[in-house]
Amino acid sequence: MRDTTGGPAGAEVWTVPGLLGARKLDLLALIPLVAIVALMTLVGALLFAVAQSDANRARAKLATDALWVEQTLRFQMAVDEDVLVRLALDASAGASQQALSARARLHLAANPETLGLRWYDATGRLIAAVPEGPGPAEAALVRQLLASGALPPRPVYGPVRDGRVVLAERVSASGGVVVATVSLPMMLERHLPWWIAEQYGVRISDTSGVLAERARRPIAAAAPRHGISFDPPLAGTTLEIMAYDAPDAFGNAALLAAIGALSVFAVLAMVVLHRNALRRRMAEDRLRAEMAFRRAMEESLTVGMRAKDLSGRILYVNGAFCKLVGLAAEDLVGRAQPMPYWAPDFLEETLARQRQLIEGQPVPQAFETRFRRSDGSEIEVQVFEAPLIDAGGRHRGWMGSVIDITQAKQAARLARAQDESLARTGRLVTLGEMASTLAHELNQPLAAIASYAAGGLNLFDQPEPNLTMLRQAFEKMGAQARRAGLVIRRVQDFVKKRTPQLAALDLSEVLAEALSITAPVAREHRVKLASLIEGRIPGVQADRILIEQVLVNLIRNGVEAMAEGPRTGDDLTVRLARAGAAVTIEVMDRGPGISDAVAASLFDPFTSTKSEGMGMGLNICRSIVEMHHGSLSHGPRAGGGTVFTVTLPVPQEGAPA
């Protein structure tokens, strides 16, 4: 549609309905907003999950370390109880006081948390002490134990006072009491390992307050902590460990801050991206309107318009061109050479012209050619090709305008018919060349037969003929006759129509036969044929004559390519080698090579690089190779020339022939 509002007077602005104007809901524009919300949600969930994971891991570690501290302290208290029980048993067994004191001193030296050991008789009188001196804090416990008259199964603990606890053990039911005083702060100081002390403060407390504590620095009230009942052995007490502030708190805070900053940056980037997307969409809308205007102008033309890139692939066609060739734009755009509207009779000429466009300078050109419509009819057209230059000044392809000049080219069609007649004559000349080659091959054995026959007649004329020499002459005549017959049979097998026969085939023998057939042609064009067989070549299942036909065709093509174009050497080498589960035959010539324009359609029918070629040889060769489940490919040769590679599979062991 056209919009005449706004802009200079008389100017018309082309718009496309639905592309410009307000949009009620633009789902694509909401994608960045959804991404922003999703990103913020994911970052928040990640931070929460990391914090929860760290907290759970810290709680689990705190509980584990608390259990370890509890077991360590309980073990040490058990050691003190065990010493007290042994001293009581020794005293009841009648051990001397001197021996008991010596054992007590040994225990005190090894366990400094045990402040002293004392013995009381059945009346509660102190009879010995290590170190010497009374212990008034334990008198009440001793009287209580003696008054009960019972023999407890384990030492009895008294109350904790000033960080000390007294434990007592009866010597016997009628005997005295052995008493030990243990310092809880000293026990914490001595028996807590350094790695616990570096991470935690340890405290033993009851309802009255802290009884003993070890902490290398003040502990915050909100610090993580874990408490475990320490009753028994100490009645009403609790063992508690408290974590210091995490040393990597600053690192965690920095990491979280970095994540938050990156999240903010990502959000800002998405906001900017969202705004840029909106501006870009508005620009795209304007561009679509401009393209619609230009498309309307192009579709109004009666001249066919066609754009293609440097390789010949079609980029654009207008309606007039589609009507010209009878094909839809969808069938043409993106299509590579050869084009469906190319006339088969002019395929070689068209390919040559495409090569000139690719290899030549980007200057305008004009030529006439023939197109084939989709209904099979052919039309004569005149094409004007001009370089397609992009906004950066680079040559991107060619823009062509095509005009139908069928009615004006009746005379040209007659001339082309004459050209086709000349082409058929050229093919007959090729057959004549084959006859010449056959005559050359037969000339040598026939001349040898004549020579041996003359020698045999001379031997017969002698008075006493040498039968041995005569026999040798006849044998050589037979060999030369077989050689001549082999030449005739080889050519006959090569040209006659026959059914393929697959059998075990020695490729080295087939290669030798192919080289012998093409040797005269090579000598005529001063080309040196050479074979290179690498390693042991396994046999393949193939038809001997068909594979020989492929090799002869490829070798002959290489020789003729070296004869017609500029060559980079005089050698044509055929290399036979094994490549994994296949055998490769490489025919390497020193000709001018194959251009990119021809390479894409080299194996198509009617495609040839020779001036008199029919363009069917390589297509037939590929069909023969594919019939043997192989492949035929080509590529450039190092130093100049072309390499054609035939790949044939090697039958697996046990596979049917």
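Including glycine, each Cβ sits where the backbone N, Cα and C put it.
Quick look at what Swiss-Prot lists:
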| type | residues | note |
| --- | --- | --- |
| TOPO_DOM | 1-26 | topological domain 'Cytoplasmic' |
| TRANSMEM | 27-51 | transmembrane segment |
| TOPO_DOM | 52-252 | topological domain 'Periplasmic' |
| TRANSMEM | 253-273 | transmembrane segment |
| TOPO_DOM | 274-657 | topological domain 'Cytoplasmic' |
| DOMAIN | 289-361 | domain 'PAS' |
| DOMAIN | 365-417 | domain 'PAC' |
| REGION | 407-422 | region 'Inter-domain linker' |
| DOMAIN | 437-652 | domain 'Histidine kinase' |
| MOD_RES | HIS440 | phosphohistidine |
Review point. Are there residues at least 6 beyond the ends of the transmembrane segment (253-273) whose Cβ is under 8 Å from a Cβ of it, and what are they?
Key: 32, 35-36, 39-40, 43, 46-47
Point to revise | Predicted model, mean pLDDT over the domain 'PAC' (365-417) | key: 77
Exercise for review: Just give the helix, strand and coil counts over the domain 'PAC' (365-417), going by DSSP.
Suggested key: 12 helix, 30 strand, 11 coil
Exercise for review: Take the domain 'PAS' (289-361) and count its residues per DSSP category (helix H/G/I, strand E/B, coil), listing them in that order.
Suggested key: 38 helix, 11 strand, 24 coil
